[in-house]
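Inspection log for the structure reproduced underneath, given as structure tokens.
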Amino acid sequence: MPSTNDVGLESDRVRNQSRTVSEDLCCSICHNILWKPVACQKCETHFCSACIEKWLCNGRNQCPLGCGPYRERPCSKFVNTPLSRLQVACIYESNGCREILPYEAVGKHETQCGYQPQQCPACRSSFPRNKIETHISHCELIEFTCADCKIVYKRRDASQRHTDIICIKEQFRQYRHQSQTEIKQLKEQFQQDICQSQKEIKQLKGDLEELRHIFSTDIVKVTESMTKIIQKQQFAKPGTYNELDCKGRPCITCGDCRDWHFTDDEDTWEWVRNYKNWTDEDRSRWDDDRAWELFERRDGATCIRARRGRNRNRGGLHLLNDTCFCKDNIVP
């Protein structure tokens, strides 16, 4: 049921008037008793505030009585005073409310009246405000949502749709579904991580291979540079020693041919270096072990001899005489 704000104040609700309500207290649009009145500034005609708002909202800006453009002003005290003396029955009288109220108290009372109609959200039936809660507490169509399993069910269906067993099963089903979803998400994330890791590993392998190539190139360059430096340091400058018969490059230390270096272990090298003190057994070892093959020719060598000391006859040992036997002439 609408309130006075919606339908206005009909004259039959007034309880302290012995005769008809004065026309001065009636709205010139709805002809009911003025409710929350305002007036036209020009002709001073009074209207319900809701009535004049509706009138102006229809695209009209003229006063309903045709006096010109409508300009609003507050209600006159000559209207407000008699209105305030009215005793008015509650609009919900037909629902059982017996309150008789001063004009100014009607609006507030209606918002709190226990007989104000309320609609049940489930069955849509109408009940007084003071009885709606009782009805809702028993209405068979009221819906509930379980806080645990989230099942929505009507009161009348509780015994079939929401027993303890059903609730537990539904919770388990939801938990299993949630777990499967989370596992799927974890698998997808894991797969993405693997793909990302593989990409990073591939990139790192490429970077490592590039570094290896750069390192190898640098090593070769450094080795070549060091070899050149070492060679410069181990060969005598031309003119500082007599030219060798073998045409080899003389050692900067001893002046003998440095174009050959020893390649075996240091103990054997010490034995070879001591060749001047060899016994017959040492000379036999030289021949039997083909020890001359332990010498290798250096890069850039100018020596015209074959492998150093290669002579099947022991008398050929004199060929070792022009070979550099400095301690550092070994490259294992």
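Heads up, the Cβ atoms here are built off N, Cα and C, so glycines get one too.
The domain 'RING-type' annotation in TrEMBL covers 27-65. Long-range contacts of the domain 'RING-type' (27-65) within the same chain: residues 4-6, 8-11, 14, 21, 71-76, 79-80, 83, 86, each at least 6 residues beyond the stretch ends and with a Cβ under 8 Å from a Cβ of the stretch.
Marked as domain 'SIAH-type' by TrEMBL: 85-141.
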(request) Could you put numbers on the helix, strand and coil content of the domain 'RING-type' (27-65), residue by residue per DSSP? (result) 9 helix, 9 strand, 21 coil
(message) Looking only at the domain 'SIAH-type' (85-141), how are its residues distributed among DSSP helix, strand and coil?
(response) 21 helix, 12 strand, 24 coil
